[in-house]
Amino acid sequence: MEKISKNILNQVITPREPESYKGNYGKVLIIAGSTQFGGAAIMCSSAAIHSGAGLVTVATTPEKFTAINVKIPEAMTIDYHDKKALLTAIINNQVIAIGPGLGTSNIAKGLVKAVLNNTKTDQTVILDASALTIIAEEKIPLQTTANIILTPHQGEWQRLSNLAITEQIELNNQTNLHELNPDALLVLKKHQSEIYYHDQASKITVGNPGMATGGMGDTLTGIIAGFVGQFGFSLETVQAALFLHSEIGDKLNEKNYVVLPSSIIEKIPKYMAKFSSRDK
Ligand SMILES: NC(=O)C1=CN([C@@H]2O[C@H](COP(=O)(O)OP(=O)(O)OC[C@H]3O[C@@H](n4cnc5c(N)ncnc54)[C@H](OP(=O)(O)O)[C@@H]3O)[C@@H](O)[C@H]2O)[C@@H](O)CC1
Ligand SMILES: Nc1ncnc2c1ncn2[C@@H]1O[C@H](COP(=O)(O)OP(=O)(O)O)[C@@H](O)[C@H]1O
Ligand SMILES: [Mg+2]
């Protein structure tokens with residue numbers, strides 16, 4: 001399997017054009033959070049904003065609005081119980097990430113269906129965490145014509161693919177992904193996470209067990225959303241997002257026994273500046 005090299009960061013992260021504005025860097029909708037899991041919505045949206053997404057809206061439960069507004073004033077909020085506002089947001093955003101901290105309530109199930117039924121070819125849908133559990137449990141087909149990115153950990157991939165963790169080898173992962181949707185991109189999260197897209201398989205060799213902290217995947221989802229919003233959907237864009245997350249994780253782990261998702265988020269803009277410079 002191909003190893004993703006650090007070069008991917010220089011390749012994907014380009015300097016910004018002076019004549020540009022927030023609308024050029026992606027409108028991202030993050031449908032996340034619930035009574036139990038407010039932090040997931042915060043980490044995911046904060047990661048998207050720190051990764052450079054131009055405009056981020058969080059669709060969540062109103063009880064979390066204040067926490068989000070205080071922690072990330074750059075993010076806008078909408079109530080995901082408000083069907084009309086939600087549909088408008090689904091239609092108006094180029095990138096939609098759904099799942100972190102969403103839980104598996106009937107409301108959450110309706111949200112997943114709303115996204116899959118109302119997105120189109122020029123959009124990207126990132127399905128993570130609870131959204132993946134819902135799709136597996138409810139056997140919801142991945143029928144949208146939008147670009148699809150699935151970001152399961154091994155337990156979520158087991159639910160989706162019916163592959164036990166020991167059976168999650170390249171050929172099986174490839175076959176099962178194509179059965180779910182032949183054009184979907186899979187980020188299989190583990191030590192040395194893997195990416196599958198069409199007939200290509202690649203993996204990172206950065207990342208460390210200090211990163212085994214709740215919220216680390218929610219953070220990755222936000223980085224992927226921010227990158228796709230700015231740099232467009234492609235295998236390389238997702239490879240760069242995955243690499244950056246673990247590259248920062250490794251740097252922090254040199255001096256920190258555990259690596260907090262929030263510490264990674266804080267470092268993203270500095271690292272992006274480093275890799276975007278023209279004289280790399
Ligand atoms: N602060 C917040 O708001 C946070 C909110 N969060 C939100 O919580 C929701 C539930 O998500 P979740 O991932 O925590 O639980 P779930 O979907 O039940 O999966 C776990 C099952 O899979 C298995 N498993 C096997 N391999 C595995 C692997 N490599 N990595 C992980 N698990 C692995 C595992 O096996 P076990 O540990 O039992 O051996 C267990 O059976 C979701 O919405 C998420 O966004 C979290 O992000 C935390 C911070
Ligand atoms: N031992 C490890 N080595 C490298 N990366 C790890 C390790 N443990 C966890 N990670 C990374 O942390 C993230 C965990 O994702 P996930 O389980 O979805 O977290 P959460 O749902 O709590 O946000 C993934 O990106 C995974 O690759
Ligand atoms: Mg997760």
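Just so it is clear, glycine is given a Cβ too, placed from its N, Cα and C backbone atoms.
Listed in TrEMBL for this protein:
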BINDING   Ala40, Gly101, His153, Asp218  (6S)-NADPHX binding site
BINDING   Lys189, Lys190, His191, Gln192, Ser193, Gly217  AMP binding site
DOMAIN    5-275  domain 'YjeF C-terminal'
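On the structure: features taken from TrEMBL.
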| residue | record | CB count, 10 Å |
| --- | --- | --- |
| Ala40 | (6S)-NADPHX binding site | 30 |
| Gly101 | (6S)-NADPHX binding site | 26 |
| His153 | (6S)-NADPHX binding site | 18 |
| Lys189 | AMP binding site | 21 |
| Lys190 | AMP binding site | 14 |
| His191 | AMP binding site | 13 |
| Gln192 | AMP binding site | 13 |
| Ser193 | AMP binding site | 23 |
| Gly217 | AMP binding site | 26 |
| Asp218 | (6S)-NADPHX binding site | 29 |
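Checking the binding-site residues (Ala40, Gly101, His153) against Gly217 (AMP binding site) with a 10 Å Cα-Cα cut-off leaves Ala40, His153.
Taking Lys189, Lys190, His191 as the binding-site residues under consideration, the smallest Cα distance to Asp218 ((6S)-NADPHX binding site) is found for Lys189. A straight line from the CA of Gln192 (AMP binding site) to the CA of Gly101 ((6S)-NADPHX binding site) spans 24 Å.
A 10 Å radius around the C-alpha of Ser193 (AMP binding site) takes in these binding-site residues out of Ala40, Gly101, His153, in sequence order: His153.
The average pLDDT the prediction assigns to the domain 'YjeF C-terminal' (5-275) is 97. Within 10 Å of the Cα of Lys190 (AMP binding site), the following binding-site residues from the list Ala40, Gly101, His153 place their own Cα: His153.
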